Structures are given as structure tokens and as C-alpha cells.
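Features reported for this protein in Swiss-Prot:
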| type | residues | note |
| --- | --- | --- |
| ACT_SITE | D186 | active site, proton acceptor |
| BINDING | I66, G67, R68, G69, H70, F71, G72, S73, V74, K92 | ATP binding site |
| COMPBIAS | 357-370 | compositional bias 'Acidic residues' |
| DOMAIN | 60-323 | domain 'Protein kinase' |
| MOD_RES | Y216 | phosphotyrosine |
| REGION | 345-370 | region 'Disordered' |
Amino acid sequence: ADSPGLARPHAHFASAGADAAGGGSPVLLLRTTSCCLEDLRPELLEEVKDILIPEERLITHRSRVIGRGHFGSVYHGTYMDPLLGNLHCAVKSLHRITYLEEVEEFLREGILMKGFHHPQVLSLLGVCLPRHGLPLVVLPYMRHGDLRHFVRAQERSPTVKELIGFGLQVALGMEYLAQKKFVHRDLAARNCMLDETLTVKVADFGLARDVFGKEYYSIRQHRHAKLPVRWMALESLQTQKFTTKSDVWSFGVLMWELLTRGASPYPEVDPYDMARYLLRGRRLPQPQPCPDTLYGVMLSCWAPTPEERPSFSGLVCELERVLASLEGEHYINMAVTYVNLESGPPFPPAPRGQLPDSEDEEDEEEEVAE
């Protein structure tokens, strides 16, 4: 028997034709306002049937917008779950899918996300393929929005303990994803969500990602890729390769965001110069309210070589230790100050041969000038 989600075609993809498909080229969806389940491979349909939400079970409230991005929009929605009843959800529309292969990759990511079950990881309710339009991602509604906006809110007065506690929750979620061999690639405070109980959920991976925000830049070697440069590990900036250890680096930046109540990292550094800056041994400074022990944990996340960085399991233990050592209630205001502006780089500079050519030339010019 057919699954309820597959009883009839929900969408029709207008492909570029059999010739293009047969030639191995990407199949372009000429009319991106409509797309067909029959165009998907049968084996993929069999895999994806468990994540499909029938169109009649989803109401998208398009007049109630949660947010908009270049990649799509997010709306309030109601999912009529056959077991749990009506659920308040977030519905993300995708406007930028133009190839059939992208739709299939999208659905494979949905299969992967549906398998995540952890209190600190945002779950996927399902994917809807409407009769008219492109796929919709259905996610639980997060009442308090993203972590960065939450800690930046003027009306809130989070304590150091509370902020570190948020970081610990993120570390727990990332520990789970690392055990699942899943690399996030875009870990940042803006990509973690808070529900009504202030439980932090690691989010914005896979289907939920929108990489067209102001925090994303093209870098010289990859002009067409939009990357979260200020959160990226040194080796990722150099090779555009990501691992769990590069996620650990990003986690260190996230902790810095929390202890500065959402300040932007490296505001004085041009995004095109990030690799050069880091190769000099420089890192983010210690926020004034940040305990020395916690800053030591951050620095360990930013070790030059991935092997030197802790695991997420190790970070969970370290953060629990830091929290246990704190006494009293310390509040952080929005004026960001630092305690180590006069100190030198925390790591030695890379050998001259590893610096960009222009950097070596600048060093030579400085020596001549002296």
C-alpha cells in the first residue's frame, strides 16, 4: 500500500528534457514554481516516504512571517499530526532550488535530519512537496528565536553562569552530532535556537541552512561560495574542508559570542584577510567578564592544528568544571570590553613559508624599513 504522503503526486518538476538527463548534466527546473514525484528515482522515493508530510496536513500562515532570507522565507505554520494533534511549527520555503539533483540532495538531507534525536538538536518534523511550488521544510517552532538575538536583547540580564550554561547545551548537542559523524560546518550563535523552556537546540544545518546572510562572504579562492568566514577554522579557510575539529573551532567563537552578548567577532579584520590574521597567531581577545579558565578552553578550540583541539566530549567536561567553579551572580552589560588587549598573540606565527606570498613580501619590506 502507498504511504499517505505518496498517494498521489504532490508536485511536478519541469525538467530540461531527457537529453539533458541522459547526458549526465544537471537537470534544470525550467519553471521553478512547479516541480513531480515521478521524476525522482524510485529508490529515493522509498527512502524518503517516512519524512514526507501530506499537503493536506500542513497549513502555512503566509501572512505571519518569522523571517526572510535570500534562500527562502520562514512562516508560522500548523502541522496536523495524526498522533499528537495540531502542532505549532515553522515552515521554511525554498526559492533557490533550480536543479532536480538539488531536490534529491535536499530530500537525502531530510532523511539524515529525521534520524537526529537529542534534546539539544533541532529535530525535523518532515518535508512537504506541495502540488504547486517547491519543497517546504517543517521544523518545530522555537518561541525565543536564535541564541544571538536572545543574548543581545537589552531587556535581558543574563549571568555569566547562564551564558556558559547555554554554551554547555550547545556542546552537548554537538557531542551528539559528532558521535553521529555529522559535521555542522556553520556552528554559530545565530544558528542555535531557544524553545519556550530556554532549551538550546543546535540548528541551521542541512535543510535549515540559509547562507546568504550578512555574516557570509566569498573568499578569493572560492568566489562563488558563501562562507561564514569569521567562524571558520584556519584549515577550512585555506582548503574549504570541514571536519568535527573545525566545528570545535567554531564552537570557541560561539562561546566568545555568548560572553560578549552577541558581539561580532574580529570587527577590525577584513574577511579576505582572516587566514593571514590567524596565521600570525592572533585570536579573539578575552572578554572582560570571561573567567580565565573559560578563555583557556576557547584558546584550545583555536589551536592551529586540528589534532591539538579538544573533542566535544572533552568540551562538555571542561564547561561543567568551569560552571562548578563559579560563585555568585555576575551580570554582563552590553558594553563589550576586553582584558588582554595589550598581550601578544596567543599562538606563535606560522613559519614564513606558510604565510601568503603577499604576507612574506610585507615582512621583507618591514625588515628593510627597519
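We count from 1, first residue shown onward.
Glycine is treated like the rest: Cβ placed from N, Cα and C.
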Worksheet, complete the sentence: Quick tally, other C-beta within 10 angstroms, I66, V74; top of the binding-site residues is V74
Worksheet item: When you tally the Cβ atoms that lie within 10 Å of each candidate's Cβ, which of the recorded positions (R68, G72, D186) has the highest tally?
Response: D186
Worksheet item: At the Cα level, what's the spacing in Å between R68 (ATP binding site) and D186 (active site, proton acceptor), rounded?
Response: 18
Worksheet item: In this predicted model, what is the average pLDDT of the domain 'Protein kinase' (60-323)?
Response: 88
